[in-house]
Each structure stands twice: as C-alpha cells, then as structure tokens.
Amino acid sequence: MQHLSFSSLSPVTITHQPRGAKHHMDHNSDTQQRQPPNLSEVKSGHVEDESLLPDRKEARRLFFKIDLRIIPFIALLYICSFLDRVNIANAKVAGLVEDLGMSDDMYNWAVSIFFISYVIADVPSNLMLKFIGPRRWIAAIMITWGTITAAMAAVKNGSGLLAARFFLGLAEAGLYPAVVYLLSVWYPRKVQGLRTALATSSASNLAGAFGGVLAYGIMHMDGLQGLHGWQWIFIIEAIPTLVIAICVYFLLPDYPETCKFLTPDEQEKVTKLIEHDSPSREKHFSWKQVRMAFTDWKMYAFGSIYLLSATCMYAYAMFLPTIVVGMGYSSLSAQLMSAPPYGVGFVLTVITAYTSDKFLERGFHLTAISLVGMIGYILLATLGEDVPVVGHYIAAIIVGCGIFPLSINTAWMNNNQGGRTKRAVVIAVFTMMANLGGVIGGQLYRADDAPRYIRGHTICAVFMGVTCLLILGTKWGLYRENKRRDAMTHEEYMAACQGTDLCDNHPDYRYIL
C-alpha cells in the first residue's frame, strides 16, 4: 500500500511572533521560499513533552502499521455500503421496475427516499457513535442494513421497495461519519487526504466497478430457484456485509490509546502525534463544541460544496446503467459498461489525493476536478446523435473523472476542524448536507428526459460550475483568516488564547488551504 513520507514529523516548539514577522506556520503563498511544511506548521496546540513524539523513521513505521490494520478494513466497510445503496441501479436494468409494476416516478422516489432517511438519522447516528464507540456502532448498523438489503429481494410491489429503501437509509446513515471520524482520530491532518480517498471514494469506485461486473454475472442467474435476476443481486450483495459486520465487532480498533495491535509505547506516541495536531485534549462529549460546530461558517461552506458535488455523484451512480442504455447498449451490456468509468475514477482519485497530500493543498485540486466534471456533463448534454456511441460513452467516463475524486473535500473539511466532539458533529452535518444531494440527484434523470437526459446533464454541469466558485471562495476565506492570525500583536495573541477548549479557534491553529 502506498503511504506518505513522514520526513516532516519532527517536533518544533511554537512561539508567537509579533505583527509584521513571518509566522512559524506555512502558507501556500510562500511555499517556494520556505522549507516543506513540517507537522508544527499545521499543528494547533502544544505538546508538553515533545520527546514523546517519534522521529520521522519511527513515524513512518507506526503509521504504516496503522495503515495495514485500518485502511483495508475501512475500505471494505465502505465497499459494502456503496454496493448496497446503489445496487438498485443495477436491479432497475435487470427488470426491477417492470416486475414490481412500478412507475418511473416511483423508481425515482425509491432512489431519493434512501437519502431522506439518511439525512434524518445522520446527526443522531454520529452522536451515538460518540457515546457507544465506532466498533460496536458500525457492527450494529452493518448487520441491520445487510439484513434489509437481503430482504429487498422479497418485496412484492413498489411500496414495499420504498419502505425497504427508507429503512436502509436509516441504517447506513452512521457509517460514513464513523469512517471519517475514525480517520481523524488515527491520523494527523496533513496525511488524511490519501487515506480518506482510499477508504471512501476509491472504495466506492471499486464497489461501482465490481458491482457492474457482478450484476452482469448475476443476471445470468435469472430464473434460478424461481427468482428474478434483480432478486439475486440484492441477496448476493448482502452476504459480504453480514460477514464483515461480525469481523468488525472483533477486529476493528476504536482509538489509538485503547487498541491492542500497538504496544503501550506506540499507543502513547501515536496519541501524542494526534494531540500535537489539535488544540483540543477532550476525550468525552462536549456540548460547548456542539455549539461551536453550528456557529462555524466553514461547516456550511464545505457542506454546500459537497451538497452540489454529491448531487451529481449520486445521480451518476444511481442512473449510470440507465444512461448507458440510453446510448444504445443492451441491458446486459450496460451492466458491464458501467464498470470502466468507476475504474478510471479510482485511478484519478488516488492520484489527486496523493498530490493533494504531497503539496498539502486542497482547494485548487478540487477546483480542477470540478472543472473536468463540468466539461464531461457539457459534452453529454451537447453531443448530437450524429456522434458515435463511443463518443457519448467517453463523455460519461470524463464525468466520472470529475466527480469521484471530490473526496478531497472530505479531507479538507476534516483537516480544518479541531476537537473530537466538534469534528464528529461537523462530519455528521457535512454528511447530512451531502445526502440532501442524494435526494436531489434521485430526481434529476426523469423518464420524460430519456434517452439522452439533456436536462439532467445540464443541471449537473451548472452545479459543478457553482461548486468551483464555492471552492475558491472557501479557500480565500481560510487564507484571509490565516493571514489575520499571522498579523496578531502579542496582546491580541494572548487575548485570543484565553479560555479552554478553543479547538480551531486557537490563534496557533492554521487552516489547510
């Protein structure tokens, strides 16, 4: 597995400098004149005994050891989650709508209702995560949604499918916030980008690619044991979820300070590294941090970015096989042809996440990715019938390149929140706003817009364009705040340090741009 260099993890003591002096922390505007950023350049608190911090060689070893235990595990969880939420797209092409006597509008609502219940349960699920702990909570919700997915094979009509999808959303709501939260308590901010991508977006890409190929094979089981192909899709894709849920309960560690695969000395050093990266030392639930989260403009900025980009991403995932059928491919071929866009998206996700971590830059990466997605949607909306089918298909692949790597936004949001409780709440609200995008995305590709779906593609192109503007505005806001803190006088600095549990409001905290 690829892992990042930790050559910059040497401890440096923070001292405040007066107005006009260069601050100790890095800014993207002067990276060419300064040394590569070290951990102190993104830290936001103080470590009482810096001798407890590992040197760069030991840090690489420690985090590689954690990578081997945490990242593949989390990726498997997310693969199961993504398969079980989007397999309705493959089931539709396999005859679900016709066999259940559903209207096209009812199918659209079957897609959207998952995200409605997801939004309802999102924040409560993340608070339960904080009280119960990741291991027990993830195992419980996985068993629940795996059972619901398998039970979807038994629905007899559209109403039954709507009910099943509603409860599936309630169950799955707790996973994504739990995954992002786990990454935030196991890794320093500057190395979360690649790991977030590998554990979420890349995993969903693999799930999409694998799901298409798997659905292609499962459709050949149509009629076996008197079941339709779409019923077998739900049954077979639920099995891994139930098996892995059991493994989660016994094998997934909650926190560095309580895990068993690290020695006590390793636990202490990893914990100190995380504390070195955050001003908040609280280990328990904090209502003060809940209030701080809901008054933080960054939460709404990042959430708005993800709302628009997730609308496009979920619309793409839920309707890609249908869009491919509209290009002229058969239903069986469409299952197979839906895999390559996910595969290409996986490669681009890993590359952009790696470079984003390497250069410790998020905003411009996200802007470039969003522009690619916008171009892909414009091509899908404007290419005429005289263009060969392969041209339309390539445009669909370009869209995949421009929406799946947007997981960097998750890392960007996570990087710029201090405090465990605040981070947990912000992650939950962030995810809730993203899944509102799923509700909208489920309504963009309507039957009256088939087979080219020009209206849906146009709306998504506009959303990606607005996303670019929001990203640049957020980056500018964070840059301005960093500069303001750099310019503080000693008196202003001391006044800003007053109080406890300041999280990312601490004047030593610098936002990642």
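Just so you know, glycine gets a Cβ as well, placed from its N, Cα and C.
Whatever TrEMBL says is automated annotation, not expert-curated.
In TrEMBL this protein carries:
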DOMAIN    70-485  domain 'Major facilitator superfamily (MFS) profile'
REGION    17-50  region 'Disordered'
TRANSMEM  66-86  transmembrane segment
TRANSMEM  106-125  transmembrane segment
TRANSMEM  137-155  transmembrane segment
TRANSMEM  161-184  transmembrane segment
TRANSMEM  196-218  transmembrane segment
TRANSMEM  230-252  transmembrane segment
TRANSMEM  299-319  transmembrane segment
TRANSMEM  339-356  transmembrane segment
TRANSMEM  363-384  transmembrane segment
TRANSMEM  390-412  transmembrane segment
TRANSMEM  424-444  transmembrane segment
TRANSMEM  456-478  transmembrane segment
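Between the transmembrane segment (456-478) and the transmembrane segment (299-319) there are 3 or more Cβ pairs closer than 8 Å, counting only residues 6 or more apart in sequence, so the two stretches are in contact.
Counting Cβ pairs closer than 8 Å and at least 6 residues apart in sequence, the transmembrane segment (390-412) and the transmembrane segment (106-125) reach fewer than three and form no contact.
Among the listed stretches 66-86, 106-125, 299-319, 339-356, 424-444, the one sharing the most Cβ pairs under 8 Å with the transmembrane segment (161-184) is 106-125.
Sequence-distant contacts of the transmembrane segment (106-125) (same chain, six or more residues past either end, CB-CB distance under 8 Å): 85, 88, 92, 96-97, 137, 141, 158, 161-162, 165-170, 172-174, 177, 314, 318, 425, 428-429, 431-432, 435-443, 445-446. Here the transmembrane segment (363-384) lies next to the transmembrane segment (299-319) in space: the count of CB pairs under 8 Å, restricted to residues six or more apart, reaches at least 3. Counting Cβ pairs under 8 Å that are 6 or more residues apart, the transmembrane segment (339-356) and the transmembrane segment (230-252) reach fewer than 3 and are not in contact.
Highlighted: of the candidate stretches 66-86, 196-218, 230-252, 424-444, 424-444 has the greatest count of Cβ pairs under 8 Å to the transmembrane segment (299-319).
Here the transmembrane segment (424-444) has long-range neighbours at 108-109, 111-112, 114-116, 118-119, 122-123, 125-127, 129-130, 173, 176-177, 180-181, 184, 289-290, 293-294, 296, 298-299, 302-304, 306-316, 318-319, 410, 413-414, 417, 455-456, 459-460, meaning same-chain residues at least 6 beyond its ends whose C-beta is under 8 angstroms from one of its own. Within the chain carrying the transmembrane segment (66-86), a Cβ under 8 angstroms from the stretch's Cβ atoms is held by residues 1, 3, 114, 138, 142, 145-146, 149, 168-169, 172, 175-176, 179, 182-183, 186-187, 195, 198-200, 202-204, 206-208, 210-211, 237-238, 240-241, 244, 248, 251-253, 256, 261-262, 270, 317-318, all 6 or more beyond its ends.
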